[in-house]
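TrEMBL has this to say about the protein:
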type     : residues  : note
TRANSMEM : A:6-28    : transmembrane segment
TRANSMEM : A:35-56   : transmembrane segment
TRANSMEM : A:62-84   : transmembrane segment
TRANSMEM : A:91-113  : transmembrane segment
TRANSMEM : A:143-160 : transmembrane segment
TRANSMEM : A:190-208 : transmembrane segment
TRANSMEM : A:214-234 : transmembrane segment
TRANSMEM : A:241-257 : transmembrane segment
TRANSMEM : A:269-286 : transmembrane segment
Amino acid sequence: MNIDTLILIFASTVAAATPLILAALGVLVNERAGVLNLGVEGMMLVGAVTAFGVGVTSGSLFLGYVAAMSAGAAMALLFGLLTLTLQTNQVATGLALALFGVGLSAFVGQPFVGLPIERVPAVPIPLLADIPVLGPALFRYDLLVYLSIALYAAVSWFLYRSAAGLRLRAIGEAPGVAHSLGYPVVRIRYLAVMFGGATSGLAGAYLSTALTPMWVEGMSAGRGWIVLALVVFATWRPLRVLLGAYLFGGVTVLQLHAQGLGVDVPSEFLSMLPYLATIVVLVLICRNPKTILLNQPASLGRSFHPDG
Amino acid sequence: MDGGGIRAVSAMNNWPWRLERRAEPSIAMKFASPLIAAVAMLVTGFILFSALGLSPLSAFRTFFIEPVASTYGFGELLLKSTPLMLCALGLSIGFRANVWNIGAEGQLIVGALAGGAIALFVDGLGGFAIPLMLLAGILGGMAWAAIAAFLRTRFHTSEILVTLMLVYIAQLLLSYFVHGPWRDPAGFNFPQSQSFDENELLPLLAETVRVNIAFLIALALAGVAWFFVSRTFAGYRMRVAGLAPAAAAYAGYGEKRNIWLALLIGGGMAGLAGVSEVAGPIGLLSPDISPGYGFAAIIVAFVGRLHPIGVVLASLLMSLLYLGGEAAQIDLQLPASVTGLFQGVLLFYLLAADLLITYRIRRARPDVVAAEAIKVDNPVNVQT
């Protein structure tokens with residue numbers, strides 16, 4: 001295996017990890033606020049179809065991305081309306097959102113099946129991209145890849161270095177206390193949930209415009225659920241989300257390259273790898289219940305009512 | 001977070017319509033809310049059809065009435081309700097115990113594979129073929145769900161994520177078998193197995209319909225499920241675990257046993273649904289043996305109030321959505337995914353309508369609202 005192949009594998013790992021990073025960072029923020037939204041798969045698919053549809057119709061991918069984020073946020077708003085205002089069960093409502101998103105995206109995506117779209121162009125960083133080996137491996141991606149790294153930095157800063165992030169974490173740990181200190185618990189949870197929706201929508205957009213530039217029903221293929229597992233795996237910390245996503249991306253890419261490397265296993269079994277890896281990773285991290293107890297936001301998944 | 005405050009939704013303070021917590025949950029609303037949701041879904045359908053430029057009344061007929069207007073159509077309604085009913089009966093028992101098995105789709109597929117393996121590779125069974133296939137299907141589904149039960153009880157992994165990951169793995173497993181070792185050599189390279197023999201197919205209920213005895217089995221199991229939930233100690237333990245986990249733990253009801261039981265029942269029923277499909281209307285193994293019955297069953301379980309009788313009725317409604325979707329595809333050139341859209345919408349409406357179980361909507365004069373806002377005992381509530 002020569003250096004070019006290695007660079008190719010590395011670059012496709014980064015590409016495969018990018019949608020996971022985008023969605024998982026948003027989901028991380030909304031879980032840190034104490035809200036469990038299982039509808040990521042649905043929001044991703046709606047984002048994917050929106051970006052594709054708007055991108056093809058308007059000819060502008062940028063508009064597509066804005067639309068995808070808005071669509072994801074709108075889905076999340078619906079979830080917020082039900083769980084935060086109407087106090088419905090978060091697990092059941094999240095499942096409903098996932099199923100609804102699958103149906104909705106398939107329905108509105110019907111006219112776009114089989115249409116071509118131009119892949120989002122790579123933007124080499126001047127000078128840096130010309131460094132041998134490192135240049136092609138690190139500095140020749142599309143903007144969303146750079147954005148995923150920037151988002152990591154922003155989310156880390158927000159959660160650990162800003163007053164607003166501290167408030168958000170306090171709300172996730174002890175909403176009752178935060179409320180009695182005068183913080184608008186429900187409003188902040190709405191914002192956190194919509195942020196998760198927007199980044200999930202953008203993650204979906206990356207699938208349909210960059211990773212595989214087309215629209216196919218159910219094209220996220222369980223990535224929304226893998227994202228939820230990834231946040232658990234990361235014990236709700238941004239850096240581990242980033243590392244975990246590259247690990248998962250690597251597993252996905254391994255599956256694509258394994259046959260090229262002469263591994264004689266039926267393709268179906270290789271395709272199982274990301275799902276198997278998700279289970280293995282969950283087992284490893286949940287094996288010790290204290291890991292989860294100590295790291296999981298204490299109010300995750302529980303309704304909160306200011307008058308209660 | 002319970003009890004107390006009269007003003008349920010403080011954001012609505014200045015709104016004449018207010019949500020007011022009921023003193024006790026309304027039993028009537030518990031049963032009315034699925035109906036409210038169904039009606040709201042129909043109204044949404046009406047609006048959707050109009051928006052698509054179809055005549056809403058005739059689209060309505062095509063979608064909801066014509067599919068069941070004939071004996072054959074009615075048979076199809078029962079036929080499609082069968083796997084939904086089987087899966088949802090099992091899931092609802094688990095959901096009551098707060099065990100979230102959302103991978104019935106995968107358990108259904110593995111059940112179909114296990115039952116199909118008997119049909120394809122064990123010959124000379126005669127009349128025993130069907131019972132053996134059904135048994136294999138149940139065991140297959142149970143085995144698949146047992147993975148999640150083992151990981152949950154031994155390693156504390158979320159059964160939500162594990163059962164779901166196992167759906168994708170089951171789909172790939174099915175794809176492997178029908179593309180590879182189990183493909184019919186005389187099948188013109190289609191990814192499907194040989195057709196099952198006559199004695200490996202479930203007997204039909206009548207000559208002119210496709211619905212088979214699996215429907216009766218499902219109805220009987222609904223009775224068994226009702227008995228289990230309301231008349232056995234194991235069922236009682238599971239209900240307590242769902243309603244009051246702390247009380248269940250204090251009473252010494254083993255949490256692990258509940259998890260195992262919930263997942264094995266759910267998996268077994270889904271496996272039975274899978275084998276009933278391949279030994280019923282499909283008659284062979286192929287990659288698309290289920291149009292998402294396992295996922296739709298989650299909605300059926302909720303719409304049926306997690307109660308066996310409710311599940312039977314809800315599975316008929318959901319079956320009608322599938323039939324309507326097919327009819328709409330042929331007659332109205334609507335994509336089949338309109339079914340999935342309706343399913344999701346139905347569940348949303350149900351969750352929202354469930355609010356009326358614990359709250360009621362009251363109209364109040366604005367000055368009264370303002371006066372009450374000041375009077376409320378808890379000072380935190382006063383917002384200016």
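Glycine is no exception: its Cβ is also placed from the backbone N, Cα and C atoms.
Not measured: the values here are computed from a predicted model.
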Legend entry - Any contact, the transmembrane segment (A:143-160) to the transmembrane segment (A:269-286), with at least 3 Cβ pairs under 8 A: no
Inset, instruction - Answer with yes or no whether the transmembrane segment (A:6-28) touches the transmembrane segment (A:190-208) by the criterion of at least three Cβ pairs under 8 A, sequence separation 6 or more. - result: yes
Legend entry - Beyond the flanks of the transmembrane segment (A:35-56) by at least 6 residues, Cβ under 8 Å: 19, 23, 27, 63-65, 67-72, 75-76, 79-80, 83-84, 90-91, 93-102, 104-105, 108-109, 112, 115, 117, 189, 192-193, 196-197, 200-205, 207-209, 214-215, 218-220, 222-225, 227-228, 300-301
